[in-house]
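Here the structure is laid out as structure tokens; the discussion comes afterwards.
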């Protein structure tokens, strides 16, 4: 009974995190406010700092709130193992790029289109798993990847619109930028995720310590990117220009979301994750249409979304049927 409750709690947490991050990020990037809009590069840096502090507190808790034990773990696992720590530089740099791209994507795409298109990370993760981890995919999984590609293609299918030509051109240009940002983010997510999984399998370090290492490099890369691309604006109005309650909510969801998923994922099987993804897509579509009012669904979009949801379930179903899919 307790296990069943934890499963449904996991489902609720996964749906809430996935949906709320996308919707609040989209809302924050389209909200008309007085003064300058917050810098996406700044939000990425602050999220990394928040992630590091949270992971340090989790390690602190794991060692019975002993400062001596915490100091010992951080020195032994990070300072005294520079080569192990440096391994995290590659996925960290890619994750930093991905986090910045998500802001670009949601500045140019509605939440529903973004949610469906971003499921292509299933495809990229599968391909990198095959090539880097020697994982074998079953027939249902390959079929699900084909259905996924077809679904995403339908979602991106151009719709007939009575809008003015200038607005239509601007909208098409923005959509292209958004879609390209999502596609690059999918590739980076797939590679970095599989690379990180490979590192975790090859070492016995705590996942929280590994996330501290990721966060350290992420902070450095993010800070460098912010100074290069937004350095002048930071000098003029400061790093926290345009921050408000919505901005801080987005930063917190981005920083803590991955850690929350890592904490509850052991209770959620593939089918439950499929439910979470499906519910998140449906909620994003409904809220984009009724609340944000930036999305006008078409029959082709709904067909594509249904194919993506079916592909998500099918991919998880095959994973459940084959308990040992890896040769490693």
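Cβ atoms are placed via backbone N, Cα and C, with glycine included.
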From 116-136, 137-157, the residue range that TrEMBL assigns the feature transmembrane segment: 137-157
Transmembrane segment range according to TrEMBL, out of 78-97, 298-317: 298-317
Cβ-Cβ under 8 Å with the transmembrane segment (38-60): same-chain residues at least 6 beyond its ends: 28-29, 66-67, 70, 73-74, 96, 99-100, 103-104, 107, 206, 208-209, 211-212, 214-216, 218-219, 222-223, 225-226, 229-230, 233-234, 239-244, 247, 250-252, 254-256, 258-259
Folded-back contacts onto the transmembrane segment (177-196), same chain, C-beta under 8 angstroms, at least six residues removed: 88, 90-91, 94-95, 97-98, 101-102, 104-109, 113-114, 117-118, 120-121, 123-129, 132-133, 156, 210, 214
Same-chain residues near the transmembrane segment (272-292), Cβ under 8 Å, at least 6 residues beyond its ends: 7, 10-11, 14-15, 18-19, 22-23, 26-27, 30, 110-112, 114-116, 119, 265, 305, 308-309, 312-313, 315-316
